[in-house]
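Listed in TrEMBL for this protein:
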type	residues	note
BINDING	G113, T114, K115, G116, K117, T118, T119	ATP binding site
DOMAIN	26-84	domain 'Mur ligase N-terminal catalytic'
DOMAIN	111-313	domain 'Mur ligase central'
DOMAIN	335-462	domain 'Mur ligase C-terminal'
MOD_RES	K224	N6-carboxylysine
Amino acid sequence: MKLLEVMNGVEFTSQKPWNEIENTEIKDIAYNSSKCEDGYIFVAIKGETVDGHKYVKDAYKRGTRVFILQDDVELGEDAIKLFVKDSRIALSNMSSNYFGNPSRELKVIGVTGTKGKTTITNYISEVLNQAGINTGVIGTNGTFYNGKSEKTVNTTPESYELHRIFRTMLDEGVKCVSMEVSSGGIMMNRVEDVNFDIGIFSNLSPDHIGPKEHPTFEHYLECKAKLFTLCDHGIINIDDKHAKDIIKHATCHIETFGIEKDADLKAKNIKYSRELDSLGTSFDVETKDDIFNAYICSPGTFSIYNALAVISVCRYLKIDQRLMLDALKNAKVKGRVEVLPVLDYATVIIDYAHNGVSLENILQTLKKYDHNRLICLFGSVGGRTKLRRKELGDVASRECDLCILTGDNPDFEDPMDVINDIAKSFEGSKCEYIKVPDREEAIIKAIEIAKEGDMIVFAGKGHEEYQLIKGERVPFSETEIAKKAAAKLMESRKIMVESL
Ligand SMILES: CC(=O)N[C@H]1[C@@H](OP(=O)(O)OP(=O)(O)OC[C@H]2O[C@@H](n3ccc(=O)[nH]c3=O)[C@H](O)[C@@H]2O)O[C@H](CO)[C@@H](O)[C@@H]1O[C@H](C)C(=O)N[C@@H](C)C(=O)N[C@H](CCC(=O)O)C(=O)O
Ligand SMILES: Nc1ncnc2c1ncn2[C@@H]1O[C@H](COP(=O)(O)OP(=O)(O)OP(=O)(O)O)[C@@H](O)[C@H]1O
């Protein structure tokens, strides 16, 4: 490919004459020097940890001769240096060009917000696929299309990976992509050149504020709001207290959904139901010219908000209403309020809630269903802010009858130290608690102590199939452990009954 085709739309200056740049062909783009070889362009990014300009010489040694730079670096005479104002923005533009601007040929739906991104993107894909629109997903749980999957390092991949994935999906017949748009992804210009058709805002609360992330809450909000300058049609949760701020920044057409405030799509007459393998919610959806009933096999108010976002998308894309409602009825997301039908006398749920806000949401939601005790098994990640431990402990000790404090990705920290931090929240609380640092033992304990009508939540790990211990991802499946423990328990009870 010609270098100039890749640079289309990127402003740059160079130390080389135009004819030399014009005649240069390139094989590929790399933003990590270790991937560089002859024929590549190396994009030097000033990172959060290191300055990519440090690795320019390494890329040169590997045979690369074309460089995108913000600062000058001394190199051999044969190097072509293209100077840009911002390497990340240049990488985004170049990646889109290199892969043939695939997002322009796809319908791209971006979902942003503090909570609900993974759930909404996956619901959209399930519903659209069932309606016959081949839809792929990109987000925290990975990349999925046509039954294939790929792991992602970031919720919103780096621009080069993103456009590569779009290209592959497009070549394999995908028509629509439902993707999570993190504030970090927007801050790092990963989605700058994505042609979004629809943007969705779920909600906003303080998160990702700190070193290497957002300096302030306002910055976090502005990053989220930027999505609504990159899309044609914005779908906004009007009940969120920051909806107005998001709309204020938007340049796209806006449509709203909600439960409390006036909205283009409003849920009413909410009813909850509890089955062995699901916690369901039924509600009426009212628009200015229609009213219909919807059912989802997921509990609580936040699930209704997620469903309203999906219904808004389907209406915008003119999906048949019957098809949409049928698909929504069965839509499930791994590790998001996932009911494990392992015990026939108690409800066991796996959920990804790992901060105060989401744990409070799920626990308060579950309390709305008939239950005996509300039991929560949780921990908090090692080596990170102690504030999260306090938030989680405060919420769980307030909302639950019993908590099992355990390990959750302890990494290099002793899980007991994390547990002891969390336990401080239980001083003076009516909620009982036990400490079981090994998460597998904790799950077995939870299954053993379950009584008729109990509601038990394993919070924090959600879809994760590992436990992070001393820098290593050790395979770990909550589902498998719970299944085995329940089967063993049932077997021992059967033996006891038979021996009577
Ligand atoms: C702190 C942070 O955000 N880091 C992200 C960032 O890496 P970075 O800029 O820090 O990279 P760096 O390590 O400083 O290196 C700078 C440059 O030198 C290059 N390099 C480095 C070493 C070498 O030998 N050769 C070389 O060329 C690197 O490839 C890079 O281009 O850019 C990388 C590529 O886009 C990301 O993978 C990486 O995400 C890390 C893994 C991360 O944890 N990010 C989190 C904060 C994040 O982005 N989270 C959001 C979700 C949260 C939200 O809602 O905001 C997400 O979308 O995942
Ligand atoms: N709309 C929502 N509002 C509040 N909480 C939600 C919502 N949807 C899901 N949750 C809760 O938050 C947890 C994470 O949900 P989900 O993974 O969909 O959000 P996310 O935005 O992708 O989060 P993260 O950035 O942490 O990956 C769920 O397990 C559930 O407990």
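Every residue number used here counts from 1 along the chain in the order it is shown.
From the backbone N, Cα and C atoms, a Cβ is placed for every residue, glycine too.
Sequence features, as recorded in TrEMBL, placed on the structure.
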{"residue": "G113", "record": "ATP binding site", "DSSP class": "coil"}
{"residue": "T118", "record": "ATP binding site", "DSSP class": "helix"}
{"residue": "K224", "record": "N6-carboxylysine", "DSSP class": "helix"}
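G113 (ATP binding site) sits 7 Å from the residue listed as 'N6-carboxylysine', counting Cα to Cα.
Residues from the recorded positions list (G116, K117, T118, T119, K224) with a C-beta closer than 6 Å to any atom of ligand 2: G116, K117, T118, T119. Taking DSSP states H, G and I as helix and E and B as strand, the domain 'Mur ligase N-terminal catalytic' (26-84) has 13 helix, 17 strand, 29 coil. Summary of the ATP site environment: with the site residues G113, T114, K115, G116, K117, T118, T119 set aside, the chain residues having Cβ atoms within 8 Å of the Cβ mean position are V111, I120, E180, S202, N203, N306.
Between the CA atoms of K117 (ATP binding site) and K224 (N6-carboxylysine) there is a gap of 12 Å, rounded to the nearest whole number. Per-site Cβ counts within 10 Å over the binding-site residues T114, T118, T119 peak at T119. Between the CA atoms of G116 (ATP binding site) and the residue listed as 'N6-carboxylysine' there is a gap of 14 Å.
Other Cβ atoms within 10 Å of the Cβ of G113 (ATP binding site) number 27 in total over all chains. With respect to the residue listed as 'N6-carboxylysine', the closest of these binding-site residues in Cα terms is T114, chosen from T114, K115, T118. When the recorded positions K115, K117, K224 are scored by other C-beta atoms within 10 Å, K224 scores highest. Across the domain 'Mur ligase C-terminal' (335-462), DSSP helix (H, G, I), strand (E, B) and coil residues number 49 helix, 27 strand, 52 coil.
Counting Cβ atoms from all protein chains shown, G116 (ATP binding site) has 25 others lying within 10 Å of its own Cβ.
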